Each structure stands twice: as structure tokens, then as C-alpha cells.
Amino acid sequence: MAPSQLAWLLRLAAFFHLCTLLAGQHLGMTKCNITCHKMTSPIPVTLLIHYQLNQESCGKRAIILETRQHRHFCADPKEKWVQDAMKHLDHQTAALTRNGGKFEKRVDNVTPRITSATRGLSPTALAKPESATVEDLTLEPTAISQEARRPMGTSQEPPAAVTGSSPSTSKAQDAGLAAKPQSTGISEVAAVSTTIWPSSAVYQSGSSLWAEEKATESPPTIALSTQASTTSSPKQNVGSEGQPPWVQEQDSTPEKSPGPEETNPVHTDIFQDRGPGSTVHPSVAPTSSEKTPSPELVASGSQAPKVEEPIHATADPQKLSVFITPVPDSQAATRRQAVGLLAFLGLLFCLGVAMFAYQSLQGCPRKMAGEMVEGLRYVPRSCGSNSYVLVPV
């Protein structure tokens, strides 16, 4: 009796184990997340943010509507208000996709540089703090390209006025005109303007760099105004009406130029020792007979500063969410069912082999059966046991 009960218990345990393993095999293609039992009433389109179709495994086709509070409702796709809501949400999603938005990213902290000749202002003077004295302004080289003259033959034209370095009289200074140089030969004089772009290193050095510049420059080449006063007065702004209020730096025009072509030297070696933070751009403005400064600064061996444009990129807003409905794969589901069935059959085979081995081990040979007496046979209870059971033959 005991071996048979143990065998039945093993069979029941194996059966329940197989039922547990194969409980979901017949639902291999079922991916229905929301089961719709009741359809909802009409919902205003202003409260809806998204819709999607339910899965094919759900059986009854329905539209899943999602509200702003992320609640889901089932709706009948055949109703008119459901179709209008779907069109409204499709139009809203398409508009958001076309107008994805724009963000700008700054690559570095480079600020756009303004050409001094076209603006008429010096970048260093614009960036000067309010506490700067007039001495710093007078010692600062301007970035304005001075008006150059090209006298041909015996032509006499008044050059641009020079503040603080013009050899004209006070009456000519009040009128804004300098002395007229006379030349019998062909001469070409180019006004040299040294443009210094502002940097943090130049700002930190302060006025000591400008004092060093004044000490190293040669007096006959560049004449700097030596006025130093902390209070500005209208009398210091002497010159033509087109000149800026601060003092300008200009090379003095030589009156005697026997050569056919002469250009004033450019002193840039004092700016080369200022470190990597400061960049010196020597520029030579071509001569012209007009009284307006040249709009372009052309320098041999130097390029115009390039302004890096910010990078524009388009990106979808974070609120725009794309819901991808998974499509059930019939082949994968069939493959899973086949694997489960094979596993079930293999487990049954193993269980049968185990039961057969158990019965063969527990069985007793025929010689161990007792003798038959008067139609009754003595059968031992188990192999090797001394207790017998009388079995009628």
C-alpha cells in the first residue's frame, strides 16, 4: 500500500508542476493591457492628449483615450465624436512635429567683433570703465583708419585734422584743418592704424602697458598727446567735426618725400610681448582722395576677424511623446507554444521512466514468493521481509 500511495503522490506533484509551467502557454499571443468592458461617454477634446488602438488580442476593437491626468478610457471607434477627437489629436501632433522648436548653443564665449573703421569707435575705448582717466584715453591708440592723401603733381588738398600733433596754428585748429603739405613729386602716404582687440590680459595690465608703449615708440614716427588730466573739458576736443571726442593717434605726414612711394613703418614689436591673451592686428588703410574713411581695412598678411555664428538645431519638445503599439508576432508565439509542448512531453517521458525504474527496483523475483498450500500462496509484504500475506490462487 505504501509504494502505491507514494507513486500517486509523485504523479500529483508532477501534474501540478506541469500545470504551473504551462498555465500561460495558450495565452502566448495575448498582450491586451486594457480590457474594455464599457465604452465611455463623449469627452471634450481639450482634455485629451493622446489616443491609441487596443491590441488585437483584446478581441473587441476600441480606442484608448488618454486625458491630461493620464487616465485611460475606452471609446467606440465608430462614433462621430471619437473620430473628431482622433482627427484633432492627429492635427495637433503634426503641428508640434513641424514646429519642433529651436534652441541655440554657444560654442564659446567669443563676442562678435565690430570693425572700428566702419563704426568710428575704438573697441578698447568702448570697453573702458567709467573710472578711467583722460590719460588712459590719450595714451590709447585709436582704431580709426585716418584719412590718407595721395597728392598728384601740384594738387593741394587739406588732410584730416590731427588732434595734438598737427603743426597748424590755433586758427586752423579751430576750423578743423591742418597745414597743407606741398610736394612736387608723386607721393603716396598711407595712414597706419594699429587695431588692438580687447582681451582680459590687457585689461588686467591697466595703464602700465600703455605707458610702456609710449616709452618704446619713436617720437618722429608716432606723436602721442601727453595731456593727462582726470577731468575732461570741452576745450580738449579740438579738431574736425567728424573726429571722435577722445584723442587720436596718427602718424605725422612727412612734408618732404623725394621717393615715388613711401609708407610709414608700423610699430608692433611692443605689442608682441603681451602674452597669448592679446592679439595685434596691424592694418594699413589705402589712400583715397575722399574725405570719408575707408570702409574696409585691408592688411597684407592679416585676415579680417571672423564671427562665429551660433549653431542652430531643431529638436522636438519634451512634451511630444510617440507611442509605439507593439505588433504581435505570430511566428514567435507559435515557436513559444512548440517549445512549451516539447517541454511538457519531455517531462512526461522522464516521469514515466522514473516510475518504471521505481517499480522495477521495488519488485521481487518469483523465487521469493512463498509456497502454495491448499490454494493459498504465501507472498512476502516486501523484498527481504519475513511477513507474508496469504493470496488465493
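Every residue gets a Cβ built from N, Cα and C, even glycine.
Remember, predicted model here, so these are calculated numbers, not experimental data.
Taken from Swiss-Prot, the feature compositional bias 'Polar residues' covers 153-172 (among others).
Among the features that Swiss-Prot reports, compositional bias 'Polar residues' is placed at 223-240 (among others).
As annotated by Swiss-Prot, disulfide bond applies to C32-C58 (among others). In the three-state DSSP classification, C32 (disulfide bond) falls within coil.
On its own chain, C36 (disulfide bond) has N54, C58, K60, A62, I64, C74 as residues at least 6 apart in sequence with a Cβ closer than 8 Å to its own Cβ. The disulfide bond annotation in Swiss-Prot covers C36-C74 (among others).
For N33, the entry in Swiss-Prot reads N-linked glycosylation site, with the evidence type sequence analysis.
According to Swiss-Prot, the feature region 'Mucin-like stalk' maps to 101-337. Predicted-model confidence for the region 'Mucin-like stalk' (101-337) is 47, expressed as mean pLDDT.
Per Swiss-Prot, the feature region 'Disordered' maps to 114-184 (among others).
The region 'Disordered' annotation in Swiss-Prot covers 213-303 (among others).
Feature annotation from Swiss-Prot assigns signal peptide to 1-24; the stated evidence is sequence analysis.
The annotation topological domain 'Extracellular' is assigned in Swiss-Prot to 25-337.
The topological domain 'Cytoplasmic' annotation in Swiss-Prot covers 359-393 and is backed by sequence analysis.
Annotation comment: Swiss-Prot describes 338-358 as transmembrane segment, evidence class sequence analysis.
Cβ-based neighbour count (10 Å, all protein chains) for N33 (N-linked glycosylation site) stands at 11. C74 (disulfide bond) carries a strand DSSP state (E or B). Sorted by the number of other CB atoms within 10 A, the disulfide-bonded residues C32, C58, C74 start with C32, the lowest.
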